[in-house]
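These came from TrEMBL, pasted as-is:
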type     : residues  : note
TRANSMEM : 6-31      : transmembrane segment
REGION   : 72-94     : region 'Disordered'
TRANSMEM : 330-347   : transmembrane segment
DOMAIN   : 351-484   : domain 'SSD'
TRANSMEM : 353-374   : transmembrane segment
TRANSMEM : 430-451   : transmembrane segment
TRANSMEM : 458-478   : transmembrane segment
TRANSMEM : 543-562   : transmembrane segment
TRANSMEM : 743-763   : transmembrane segment
DOMAIN   : 790-956   : domain 'SSD'
TRANSMEM : 803-824   : transmembrane segment
TRANSMEM : 831-853   : transmembrane segment
TRANSMEM : 865-885   : transmembrane segment
TRANSMEM : 906-928   : transmembrane segment
TRANSMEM : 934-957   : transmembrane segment
REGION   : 1014-1085 : region 'Disordered'
COMPBIAS : 1057-1085 : compositional bias 'Polar residues'
Amino acid sequence: SYSRVLAHYPCVVFSAVLVFSLTCLVVVVTLGSPPTFDDPKLGFEARGTVISNRLRAFEELLDTTHDGFFEHRAPSGQNGRHRRQLNPTIDPKVGTRDEADVEMEIQVQSLDGDVSNISYTHEAFFCDAPSRIYARIVFHSSGDLFTLRSIQIMCSIEKDLIRSQPTFHSACIHTSRTKQCCRSWSLGNYIAMLRNKTSCLHISEMDVYTVQKLLRRCHDYYLDGLLTADCFDPGGGGGGSSLCRGVPRECVRHNAVYHLLYHITDSEYIIGGDLKYAVSFLPVAAGVGCESLYQSIESMLPMEESSVAVVAMDFGIKQELFDHYLQRDSVWFALALCSLFLCMWLYTCSLFVTLMSVVSMALSLICAYFFYALVIEVSFFPFMNLLTAVILLGIGADDVFICCKMWTLAKLEKNAGTLEKLVSDMLKHAALSMFVTSLTTSAAFFAGYVTHITALKCFALFSGIAVICNFVLMVTWIPATLVFHEKWCLQCCFCLGPPEYDSGRSPCYYLCLVPRKLYSAFCDTARLFFSKGLPWVVVRLRYLWLVTFGLLGVGSIVIVFYHPRLKLPSSDNFQMFAHSHPFEVYDLQMKKHFSFEVQTEQINMPLTVVFGAKSVDNGNHFNPFSKGELVHQPGFNPAAPASQRWLLEFCRKLRTAEYYQPQHGMQLTNCFIENFVQYMKRSCEDPMGIRLTPCCESSSFPFSEPIFNRCMEDYLDLMGRTSHLLQHHSPAGLRYSNEDSSLVGLVIEFSSTLSFSLNYAVVQSFFEKTESFMDEALSSAPDELQGGWFISFLDFYDLQRSIAYGTPIAIGVSLAIATLVAFLTTLNLLVTVYAMFSIAFAIFTTIASLVLLGWELNILESVTISIAVGLSIDFSLHYGMAYRLSPDLDREMRVVSAIVRMGSPVAMAAFTTFFAGAFMMPSTVLAYRQLGTFLMLLMTVSWLYGTLFFLSLLCVAGPQGGFGQLHWPSCSLCCCYCCFHSEHRDKTVYAMSESTMSTSSANHANHSEVHELEPLTAKESKKRPPHLNAWRHSSQESTDVFDFPDSPIPDAMVTPIPQTNGCHPSESLAQNKTNGIRSNQSDAP
């Protein structure tokens, strides 16, 4: 049997598992490619939805076709066009100097390139105008920044802390003559320029007052739109732009006033009074070129002097820093691992078992990655998969605690005379408990597979596989570890073993004297808490817990679904770092304070209809790089007379749509058929006397296919020569293949009245109404134009929609699987229902707490919420199993027995996972910090609901006796009875010594746990050994603390009087147990 192999050949099991794991590692290293996280947002997109299929098909159509008359324009995908139009900004023209005065020797070709060699030939005060292409910092003051003291502090901070860095000179833009870095575009430098001072450190109180007065005088012209970026007067002597004729000369001098109001000061200044925020544009191009500069000044953050501080930055390097922070934050993961290691060592009392447990978790991740990358062949590994390592720490620790607890109880059984029986008893109960929790946890992870978001699919798959691998190692590696430790490691001194080995006053005895006393005191306190204190709290105060946590659960449901409710993301900005990081402060808080960030070009949602391409995404949905190929619509032919007639009518109908908005200027491509019909109405003879037949008025509409195709070539040639007449470039029109120039598609596009919005409800109404209108209009299309579909700027809406629908489905599937597993495990309907109530309330309370913390249902949040079921169900299932298997008939005694048996491992599992999350809180990467917050909340809430609410439910209305208890068919019971109770005589009895029975590789159970496994392995009618009767008699007084005069005291509740050494049985107890074991061994062969 498997137990015999583990008992007699643990090294074989070790070797088999280790060889397989190392083979997986070697194969992954040699054949696979290591994951990279250059773009953390990669995979945060929906795949497989109706909208995403259309977006992919439209993108592929634009990538593989051209429009016939804009062939000089490189094809661009829809996504690229979308992103360029989502965040366009009005970038003011240079207004501080004439182009003839300042010439750049080398143009900035790429923001991501080396810009250290950019220089200017003219020595102007500023090298350029402030622009978003430059790195910038934001100053804040609790008072007024527009004072001499505050301005000089800002100048000194920039000079002493930023410009003094060696990396600044190598990254800055400098002048060609002096080779000095250009001046920053800051409040102080603009004042210095307007007052003819050389530096902001040399300005006076009068200079500040004069410029402030100038800004107030010119502010109205700025608000009225008269003072713009085109207004500039280099010397202040007049001239300026003809567009700004009414603006006073002092307001347009160097265009300084405009830049101060538009770029430097916050938008609330002047109107609100004091200046609270001010931007300083550094002469460093934003991008990877200033990454070294930021790393050199990061250690000096926060930069603060007096009441002035640098509160935000934008260096354009968030994605570049992400990989760096992932590596740096690994130190917090290491600390979480160390805390887990210490807790496991204290619980198992064995350094060897603890080390092997940590190794098993590492091997689980290696095997999981092998199956993920090479067996299932998923090439994309999102950074969110790294969160699995943190989660696996808690899951693995929980399983180790259960194994060690069952091992201890098995050793205390009266018939535990052979090592094989120890292993068998431990596996019968620990394996079942771990299987149930692993199955529900992995099912909760796999339930995330129902989502359409690529990164979430990959996370669900990898984490589910990791939990399964962890379970396999827990039933192979850990039992072999316990057997190996039992045989060969008990004599090792690690300060947590029993003192019997150190009775000779060895150096080990004196080295471990103090630690052992502290540990013994801690164990005695813990034993009393779980055997007396916690049962008293649960049983005596059960009605209080039911009312308190019941109301809390109901209130949490109100918070999640009613007010303030869990909201969908309201911004497409992907937050990578903690809220306090200066880059995130700029993106999340500072942008709204400055006009150059707020004022963006108005974008309307387009009404785009596509023909000729099927809306399918045949790429690999697990790989964001796999775009798929364009699938053409069979029979597509817009040249057919029926198609021409229908298209003309369709365009007229579109103009009656609710969201249609007329556009000014010539729109030659929106609906090509309208302009083509007008083109065909021209005279058949041009002014030069050239005959234009048949592409003229001699041909009547609808045109025959030969005439349509021939005249379309002339029409497209004419459009190509008059493209300057178009108001904007659009993908609308006929689409021709890049390979053979065949007609493969048609795009019709009009503008809508709806401006682009991130509001889910607004865009949802737009999509549903327009989709309904389009379906009705397209239903009458001829066979040559069948299969058309509508699309717009809907990718962010599709992401919101996938999260909104996918997360509840994942939670529902997880709960359904958990309910099924709980019922099949306990076979008791009441216990299952109570467990589900407890789990549901725990989940809603956790989510409500996150809502009150300001969380929105974004990508990372949806991951944590979906796995809540898998992580919170363990505690209730452990207690439910213990209640179900208790030998008592009275519900109160069953609850007490469940607490005594499972209280300590459940509490340790919650404690270790809580601390693993706590150590992730200082992380810079937001995903780690959010996971830490989630784990701490979930573990706290789940433990409280599992221990206080669930057990109180069982104590008040739990099943008694056999009420509500189902059983498997009798034939199965007979088979199981034959298997478990058939006599087997082991020819290689492991004669356990006194030291073997007085110690354990796991935490040594308190004396009340002597017969906790007996209801599972033997009938209640079996006779107890004589020494157990003495223990029961001597412990009657200790059980009176619960004062249950009419309830029998179960064997599991027997609490002996003899003194103990911490968590270890005392010598008298060890001697009693040894006598019992020796009597059993005398019957062995």
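Quick reminder: no glycine exception, Cβ is built from N, Cα and C everywhere.
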Please figure out which one of 543-562, 743-763, 906-928 racks up the most CB pairs under 8 Å against the transmembrane segment (865-885).
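The stretch with the most close Cβ contacts to the transmembrane segment (865-885) is 906-928.
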Count the Cβ pairs between the transmembrane segment (458-478) and the transmembrane segment (906-928) that lie under 8 angstroms and are 6 or more residues apart in sequence, then report whether there are at least 3.
no
Using a Cβ-Cβ cut-off of under 8 Å, list the residues of the same chain that are 6+ residues beyond the ends of the transmembrane segment (330-347) and lie near it.
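Those are 353-354, 357-358, 389-390, 393, 397, 400-401, 404, 496, 519, 522, 908, 911-912, 915-920, 922-923, 928, 1002-1003, in sequence order.
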Per DSSP, what is the residue count of the domain 'SSD' (351-484) in each of helix, strand and coil?
115 helix, 1 strand, 18 coil
Against which stretches of its own chain does the transmembrane segment (543-562) lie, if we need a Cβ under 8 Å and a gap of at least six residues from its ends?
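Distal contacts: 840-841, 844-845, 847-849, 851-852, 944-945, 948-949, 952-953, 956.
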Which value does the mean pLDDT take for the domain 'SSD' (351-484) in this predicted structure?
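It averages 89.
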Pairs of Cβ atoms less than 8 Å apart decide it: which stretch in 353-374, 430-451, 831-853 has the most with the transmembrane segment (934-957)?
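Between the candidates 353-374, 430-451, 831-853, the best contact partner of the transmembrane segment (934-957) is 831-853.
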By Cβ distance under 8 Å, which residues at least 6 away from the ends of the transmembrane segment (831-853) in the same chain are close to it?
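Result: 549-550, 552-553, 555-557, 559-560, 564-566, 811, 815, 818-819, 822-823, 861, 864-865, 868-869, 872-873, 876-877, 880, 883-884, 933-934, 937-938, 941-942, 944-946, 949-950, 953-954, 957-959, 964.
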By Cβ distance under 8 Å, which residues at least 6 away from the ends of the transmembrane segment (743-763) in the same chain are close to it?
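Same-chain contacts beyond the flanks: 61, 65, 85-86, 568-572, 602-613, 630, 632, 636, 638-639, 647, 650-651, 654-655, 659-661, 663, 669-672, 730-737, 770, 785, 792-794, 796-797, 800-801, 804.
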For the transmembrane segment (353-374), could you work out the same-chain residues 6 or more beyond its ends whose Cβ comes under 8 Å from its Cβ atoms?
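Apart from its flanks, the transmembrane segment (353-374) reaches 17-18, 20-21, 24-25, 27-28, 31-32, 337, 340-341, 344-345, 381, 388-389, 392-393, 396-397, 400, 404, 461-462, 465-466, 468-470, 472-474, 477-478, 481-482, 485, 1001-1002.
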Taking residues 6+ outside the transmembrane segment (6-31), which of them lie with a CB under 8 Å of any CB in it?
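Same-chain contacts beyond the ends: 363, 366-367, 369-370, 373-374, 418-420, 422-423, 427, 473, 476-477, 479-481, 483-484, 487, 988, 990.
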